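Engineer: Let me begin by handing over the structure; questions about it come next.
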Amino acid sequence: MDLWFSESHTPDVKLSVRTEEQLFVGKSEWQDISVINTPSFGKMLILNGHVLFSDADNFVYNEMVVHVPMAVHPNPEKVLIIGGGDGGVAQVLELYPDIKQIDIVEPDEMLVDVCRQYFPEFASGLDDDRVTIYHQDGLRFLRNCDSDYDIIINDATDPFGHTEGLFTKEFYGNSYRALKEDGIMIYQHGSPFFDEDESAFRSMHRKASQSFPISRVFQAHIPTVPSGYWCFGFASKKYHPIEDFKKEDWKARQLKTDYYSANLHLGAFSLPRYVEDILEEEEEK
């Protein structure tokens, strides 16, 4: 008998993946968590019925949210990850020896334990000496920060449930305050491809643009996200993602990557016309 996992992306569109076995199912204080094994994507982590990542495409997300700001900021030493309980973002950050401190704010302890057991290739990023994990609410943590971080990466899942507060105007304002005078924030911007998702996409850009002097959007192809087209926000107090991109400096590091490259950095900010139109409309409001 064929077993399939299906995630609804819109009332008319689903992602369906053949499943070999269910490896874990549980309910934490914060969310439903399951892990399945699939022939096409390997293991998949599913939260509240939505795919968070898979073995096959998690590298795209992790590399983009890390290498883009790291190739722009001249001397980042302290990084804050909101979410990040799987360890994948931290694992990529650890390629940079000049980073001295990585703080991870992940409220869900069960999620961390599940990732350590079923995704050790990513969770190894949690074991670096520079990493400290705080099991508390991300917005509450930010309220107590003041000019502390060079880079903040909002690795929250989506603007619903217990992470809803991480997509509010208050969150962007608190992130601005938590950054040093030349700090950068990276956040999930979603996809505007489906009409059902466009309003959230607009709202995020509007809030970021109102909170930061520099607000840009970049893109990546991630097969398991809705539409396969995903965007990220680059919000900065000082540095522009293209004008201040240190291409040769980053290439000199000779880091091994599977998705990000210096050439891709430039292309990632060259958005489709319909996406540019949406962003420009929000900036004019």
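Cβ coordinates are placed from backbone N, Cα and C, and glycine is handled just like the others.
Sharing the record's features from Swiss-Prot:
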type: ACT_SITE; residues: Asp155; note: active site, proton acceptor
type: BINDING; residues: Gln31, Glu106, Asp137, Gly138; note: S-methyl-5'-thioadenosine binding site
type: BINDING; residues: Asp86; note: spermidine binding site
type: DOMAIN; residues: 2-237; note: domain 'PABS'
Engineer: How big is the gap, in Å, between the Cα of Gln31 (S-methyl-5'-thioadenosine binding site) and that of the residue listed as 'spermidine binding site', rounded to a whole number?
Structural biologist: 15
Engineer: For S-methyl-5'-thioadenosine, with binders Gln31, Glu106, Asp137, Gly138, what's the maximum Cα separation in whole Å?
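Structural biologist: This binding site's residues have a maximal Cα-Cα distance of 15 Å.
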Engineer: With DSSP assignments reduced to helix, strand and coil, which class does Gln31 (S-methyl-5'-thioadenosine binding site) get?
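Structural biologist: Gln31 (S-methyl-5'-thioadenosine binding site) sits in coil per DSSP, no helix or strand.
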Engineer: Using DSSP with the three-state reduction, classify the residue listed as 'spermidine binding site' as helix, strand or coil.
Structural biologist: coil
Engineer: Within 10 Å of each Cβ, count the other Cβ atoms, then let me know which of the recorded positions Asp86, Glu106, Asp137, Asp155 comes out lowest.
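Structural biologist: Per-residue Cβ counts within 10 Å for the recorded positions Asp86, Glu106, Asp137, Asp155 bottom out at Asp137.
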Engineer: Sorry to bug you, but what's the C-alpha spacing from Asp137 (S-methyl-5'-thioadenosine binding site) to Asp86 (spermidine binding site), rounded to the closest Å?
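Structural biologist: Here the two Cα atoms lie 16 Å apart.
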